[in-house]
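Student: Before I ask anything, let me first share the structure, which is written out below as structure tokens.
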Amino acid sequence: MKKEFGKVGVLFGGRSAEREVSLMSGKGVLAALLSKGIDAHPFDPAERSLAELAAEKFDRVFIALHGRFGEDGSLQGALEQLGIPYTGPGVMASAIAMDKVITKRVCLSHGVPTPKFTALEVEATTAEQLQAIAAEFGMPLMLKAPHEGSTIGIAKVETAEGMQAGFDLCAKYDDVVLVEQFVKGRELTVPVLGSGRNARALPIVEIIAPQGNYDYEHKYFSDDTQYLCPAPFDAAFTKRVQALAVSAFNAVGCTGWARVDFLVRESDNEPFLLEINTSPGMTGHSLVPMSAKVAGTAYEDLCVEILRMAKLGLKPVQHK
């Protein structure tokens, strides 16, 4: 496989709030690629300049970075400038999916349902506005920092009196706070591989966390969280959710791979989009490898498949 892929950089670590998770993902991917005979090397953008990728003649990179500066389009843009093919979605799709508010707006326009929401600018929002939203939406509410992942910068607010504290917590991470109607129900995720008409959904994973608290600790370090894969739904519902996942994936322009998260409302079994993750975790607790395994693809083979789809999203201008 050395000839097929050349010199491969595995990008992990980085400068986001999700650095710890990225280190775990990257080490797993690196070991998997090495086990397949691929000339793979670790590369931490927090410690080295991206220009070194070109100087050291890397042929392609596997992005195992999470959060800002890794899956928000900025890294993808730099790699486009360097002319180095990379895994996962391109500049535009990465930037859209990193913003939960824009993702919701785009997916709604393509018929993918999402919980009722609004976006508030931190500097312009008053206490009175928070109370008005609480009255309009009803309680409880989910408040989120739109550009963070791994459950960072999220607050569940049970009462109107708790709005300010929840808002302030999210404001530590972002200039905008997403306010979302709370949906009581089951949490699902659907990995998607491929591009366009060839995009395909993998088996659905249902996440059952203790007391429904799927936070950072339970997501990456706890053995108490249960995962059901394939999720126990009938064939018709499974097909519907997988189709919604592919629709959301294509709506924002994803290519390569991504993970689409949903909530299924308890009262009527209706699915709602939560977010799209364009650089999903690849740790021992991660959901994409879990789903792929059920579909018959081992972790090492999944890493190779993702790497094989690495590409540049922008065609260079041909000057005459």
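Every residue, even glycine, has its Cβ placed from backbone N, Cα and C.
Computed from a predicted structure; not experimentally measured.
Heads up, here are the entries from Swiss-Prot:
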BINDING   134-189  ATP binding site
BINDING   D261, E275  Mg(2+) 1 binding site
BINDING   E275, N277  Mg(2+) 2 binding site
DOMAIN    104-308  domain 'ATP-grasp'
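How about a rundown of where these features are and what they're close to?
Tutor: Non-local neighbourhood of V183 (ATP binding site): P115, L263, R265, F272, each in the same chain, at least six residues away, with C-beta under 8 Å from its C-beta. Classification of V183 (ATP binding site) by DSSP places it in coil, neither helical nor stranded.
Listed in sequence order, E187, L188, T189, V190, L273, L274, E275, I276, N277 are the same-chain residues at least 6 apart in sequence whose CB falls under 8 Å from the CB of D261 (Mg(2+) 1 binding site).
Following the DSSP three-state reduction, the secondary structure of E275 (Mg(2+) 1 binding site) is strand.
Confidence over the domain 'ATP-grasp' (104-308), given as mean pLDDT on the 0 to 100 scale, stands at 93.
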Student: Look at the binding-site residues A134, L141, A155, L169, V176 and tell me which residue has the greatest number of other C-beta atoms within 10 angstroms of its C-beta.
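Tutor: Result of the Cβ crowding comparison: L141.
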Student: Applying a 10 Å Cβ distance cut-off over all chains shown, what neighbour count does G162 (ATP binding site) have?
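Tutor: 18, counting other Cβ atoms within 10 Å of G162 (ATP binding site).
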Student: Provide the three-state secondary structure of E148 (ATP binding site) computed with DSSP.
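Tutor: For E148 (ATP binding site) - judged by DSSP and reduced to three states - the answer is coil.
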Student: Would you count the other CB atoms within 10 A of the CB of N277 (Mg(2+) 2 binding site), including those on all shown protein chains?
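Tutor: For N277 (Mg(2+) 2 binding site), the count of other Cβ atoms within 10 Å is 22.
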